[in-house]
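Swiss-Prot has this to say about the protein:
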- 12: active site (ACT_SITE)
- 131: active site (ACT_SITE)
C-alpha cells in the first residue's frame with residue numbers, strides 16, 4: 001500500500017501568536033503556539049506546519065524563538081514557512097529546529113533559491129508551497145497570499161519545482177481555502193499525478209470525509225487542515241481512525 005498517509009495540522013503564526021480562530025476550550029491560552037503544538041502532538045499528528053504570516057521582517061526572530069521552543073517539546077517533524085527569501089533564512093530555521101522549510105513567493109521571484117537550498121541541505125527538507133486558482137481549463141499560481149497572479153500554470157510550475165530540487169509540494173486551492181467545501185480534487189489529482197515527490201493537499205477541509213477524498217480521489221500523500229482541528233470539531237486521532245476505517249493506511 002505504500003507509505004502511510006500523513007495528517008498535518010497547520011498553524012498560522014503572527015507576532016508570536018497562532019491566529020485563524022484557534023478555540024481549544026481547555027487551553028489556558030488559545031493563541032500560544034507551543035501549547036497548541038503540544039496538543040496536536042498528543043493527538044497523534046504526523047507533522048506540524050507553521051506559517052509565519054507576519055508581514056514585517058522585524059518579527060523574524062520571534063518565529064525562530066517559537067520553533068526552538070516547540071522543537072524542544074514536540075518530537076514530530078516541523079515544517080516552517082513564510083518570509084523565506086534566501087538560503088540563510090533556510091539555515092536559520094533548520095538550526096532553530098525546523099525539519100523542513102517551505103518556500104512560496106520567493107520560489108517564483110527567484111527559482112534558483114530552491115535549487116541552492118536543496119543543494120546545500122537536501123531536497124528532503126525543502127517544501128515548495130503553491131497557491132493555485134482555477135483559470136480556464138487549468139490552474140494559475142498566485143503569490144502574496146493568493147492576491148497576485150503570476151501567469152504560471154500550477155502543474156507546470158510543480159514539475160519545474162521538482163526538477164529544481166523541491167522534495168515536497170504543499171498545494172493550496174485558493175478557491176477552496178476557508179470554504180469548508182473540501183479540497184479541489186481535480187487540482188490535487190492533476191499535480192499529484194504530474195510529480196514524483198509527495199503532494200500535501202490543502203484548502204477547504206470541512207469534515208473527515210474531505211480528508212479521505214483528498215487521498216483517494218486527489219491522490220495526495222498528505223492532507224493539511226487548520227480550522228477543523230483548531231475549533232475542536234475533530235481531533236487528529238478521530239481523523240486518523242476515520243481514514244483507517246476507509247481503507248487508508250495511517251500511523252495510528
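Positions of Cβ are set from backbone N, Cα and C atoms, glycine also.
Since we're looking at a predicted model, the values are computed, not measured.
Within the group of active-site residues (12, 131), the Cβ with the highest number of other Cβ atoms inside 10 Å belongs to 131. According to DSSP, residue 12 (active site) sits within a strand segment. Taking CA atoms as the reference points, residue 131 (active site) and residue 12 (active site) are 15 Å apart.
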